[in-house]
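One structure is given below, encoded as structure tokens.
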């Protein structure tokens, strides 16, 4: 690759591994001297070449594009077409007299579409904030060397490759940089949000001899967006803007956002919409073919048609019937009911600490098959704590072990087992003193939780000191929450620090010189156990006696260290020294020995001939509830994969403890590093393995690749995480789950759901809620579709029998939108099945409606059609039915033959009709044939009322897919009974309010007529009960699930 005009790191593709090269090589490659920095002109040229040091802005879709996207749904397109045709028909049929009632139907449909589009656009514009949150992580200013002079606050956006930058404690790293030299003895950086590492990491200026090192191994590199927690250093900028590691994550989030798939439910509804389009087209064509004889007649002379007669009026009339058919077939209320049900689901989940950001994800949760979980902060508390304390016994070859409970920084969380009840012995006092005083961390109570400042391991040691208590059996834990570290304060008063020997990587320890209450100076040291033991010559026993450190004692301590290390505990040793030679009288900067403290190279010599006191094992502990949650996942058929940036040994130990792996399981092929996984030829075979999997040292691209491969394999993936490094995978997963307390804003904005309590078990509860919601959605989708089948059957029978049109489009629209809406919504409140989390997850391609369910609802639909058309025919042709008198309104009876040939009424001789009453109105007819037009208002009302009543009773059928109303009575869901009352109330409203009755073309009914309506409607319950019984008899029971042994067994 050629180098750019101003020398840079081989373009921005990172082909020059700065971490694997010496500082001199990097200076030469970047064309800069670390002692003078870039010249102003050179920096300006590089800024033009590379652009500002900021993350790119990806323009989102325009408002017009968002609007167009809202009409990509098949059902919405059918509705739009129906509304357009309906509008044109209303316009032509008005014939100069434009009335509001003629345009009610198209206006209502257009209104539905506008509301749906507005809601969709609002959701879309709120969904893409992850990239904005990522920009906020970037640093604002940096101390930069230009023209040989330090500029203390250069805007970070003006940094270019080759700039020399000084970092200090608390600084946010402004770009990816190569460390040139350390100003202090150590440099520690908190990069957990980028890599997932629990603790802050030490940085060095020495090159790493591995060109393909992962982020964690690049110890001489600091990365944009991370924070300096200790020390100071001078660095050279290697990458800026989108070429940084955080820039790559930004690009991955954008790429993942382009790959957003439809939810399983939306895919099914689109498939249903496409099938519905074909069915509607077929039935409309059939209706026209059946009725073509009414508007087109001709005589055949051989093969030549003659005397062709075409009636435009009748052609339009049957076209209106076809439109009514389309309106009847489309469940217009379905989008609104689905949105309502999902919104109700989000409220239920919020009560369980799961905050849903995107409505469709509620339903997607129900078919989750794999949960890919981050370890740090998700399965663990992300709060270091001491798990074991080892002190010396009565002899040098004997140790005492104490198990320490607690998983947080709360000193009251947990206790030390087998702790001496009275006064603690001298050896334990020494350990407490070293842990409390040789320590720069702090713990404070804030917003109902305990928060650590400084190194997490040091904070854990301070919490340990509080649990140990004070000499004399006194307890240092204060009732005053603001005074969290009472014991530590006591020890700091007893042993006042007068000098600090900072930690460095070479000697792996930290020391402090303290002035004791007796006036003598003592050196207190803590650090890595092996290196500390090498510098110890003596060991302190339980009673305080100091004896030489022999091989037996050393082996005993190392055996304890090995035991704790195998359990992935991070071990720290404690030691002290009383004979301080030249530091025995040290009292500050003016003392002659102070010059020795100015050079960190002297620290190892000062920390020799130490007295060993004991050691502690620390860890980032798993959350207590995680074990049960993983067992619940196993019972529910959901696989758990752990993907973490932490090291392999620690992650494996945690996975065994929380139940991802059993204690003795061989996990050789189930635990891989991210690099090992990427090197596999057949990655999918590994991902298909049953049981848990662990991927450690995983980078953002590894997480994305795992999620992508799982989705390709048909899995529905929920991905949890809290760091910046998790954001691309959260965005790509079917369900991205971010942590609410410890999660970065980037992770939250990239997610579909946020856990308010950072609790893994909350995900499992949310999955159960998602399954329940999906079952309820299936119930109301089946209910609405069965109702629509009934409406289609009604119109088809009307057309096939040749009788006057019984139901007009505006009435069907009212039933679909308003009358059906409340019961369908109430079905969303059906109680969940008790064994909902004992069943395997449904596949995302499972059918919404099985062939048997479809057959059932075709039978129900056929009955709805027969009932609505039948009552229309009964009113015209019968004076009474089943003992119910229908002649009270004085209407004229006709024969069925006359009714089915009503179009020929004008040719009938001596045909007359009498006036009839409906409520307070009297209908008279100057033209007897109007009896089949305006005179059908009572018969139409009866048909509409039967349709409403049947659909109310049919909602009771939808309470359960298979269970009888005898085993699942209506009152298991009281909301459904309320909804039925509301729907009947709305129907009475349009019947008995004159203005509304006129708009909908209906009239009030008498008591007898209502009895007839109920008589015709009730059999729908009996028919479905019979069909459910047949279904239960013919379906074979599934295999019984093995009962899981109790964890206590």
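Glycine is no exception: its Cβ is also placed from the backbone N, Cα and C atoms.
According to TrEMBL, the feature transmembrane segment maps to residues 854-876, out of the candidate ranges 785-807, 808-830, 831-853, 854-876. Per-residue pLDDT, averaged along the domain 'Cation-transporting P-type ATPase N-terminal' (17-91), amounts to 82 for this model. Broken down by DSSP into helix, strand and coil, the domain 'Cation-transporting P-type ATPase N-terminal' (17-91) contains 47 helix, 1 strand, 27 coil. Sequence-distant contacts of the transmembrane segment (975-1004) (same chain, six or more residues past either end, CB-CB distance under 8 Å): 100-101, 104, 808, 810-811, 814, 818-823, 825-827, 829, 918-919, 921, 937-938, 940-941, 944-945, 948, 952, 955-956, 959.
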